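Trainee: My questions all concern the structure below.
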Amino acid sequence: MLQYLIFQRKNVEQTLSIIKPDAVKQGFESQINERFEKSELRIVKQKKLHLTKEEAENFYAVHKERPFFNALVAYMTSGEVIVQVLEGENAVMRNREIMGATDPKAAAPGTIRKDFGQSIEANAVHGSDSLENATNEIKFFFGD
Ligand code: CMP
């Protein structure tokens, strides 16, 4: 019985998703949420907010030295975003698969960025790229 239970245990994770200003402005929220639900990623926390410059700079601090950093901060503070915690089996990788490549032009057909993104910057969604970053990013927006 114990063996059976261990065998059945699933690798349930949480990951952070952000629906970015371009997608919020165009009203893609419910269509993007449907993609999560179809992939068995449950939205367990969610809030809509307008990031301050300081919040955007801190959230993307890892990109501070990149040439696109200032533009990225300006874009992420240009309108409201929807910040979400997604939960499900292998949520970090599963969300990255359904988001698609960073640049919508390079993203696979049927992915969120291919269908709702406009450019490498206005690419509809952000998703944590590792379990460690997911934990930190969830803490950043929702606390412990
Ligand atoms: P995101 O997953 O939110 O993480 C960092 C973001 O920087 C990325 O999505 C892109 O939207 C944005 N970005 C803008 N320009 C570039 C670029 N040249 N290379 C990678 N990311 C970029």
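In case you wondered, yes, glycine gets a Cβ from its N, Cα and C as well.
So TrEMBL says this about it:
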type	residues	note
ACT_SITE	HIS126	active site, pros-phosphohistidine intermediate
BINDING	LYS20, PHE68, ARG96, THR102, ARG113, ASN123	ATP binding site
DOMAIN	12-144	domain 'Nucleoside diphosphate kinase-like'
Trainee: Which residue, of the recorded positions LYS20, ARG96, ARG113, HIS126, has its CB surrounded by the fewest other CB atoms within 10 A?
Mentor: ARG96
Trainee: For ASN123 (ATP binding site), which residues in the same chain are close in space, meaning a Cβ under 8 Å from its Cβ, but six or more apart along the sequence?
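Mentor: Listed in sequence order, they are LYS20, THR102, ASP103, PRO104, ARG113, GLY117.
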Trainee: Cα of HIS126 (active site, pros-phosphohistidine intermediate) to Cα of PHE68 (ATP binding site): how many Å, rounded?
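Mentor: The Cα atom of HIS126 (active site, pros-phosphohistidine intermediate) is 16 Å away from the Cα atom of PHE68 (ATP binding site).
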Trainee: With DSSP as the yardstick, break the domain 'Nucleoside diphosphate kinase-like' (12-144) down into helix, strand and coil residue counts.
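Mentor: Looking at the domain 'Nucleoside diphosphate kinase-like' (12-144) with DSSP, the answer is 59 helix, 28 strand, 46 coil.
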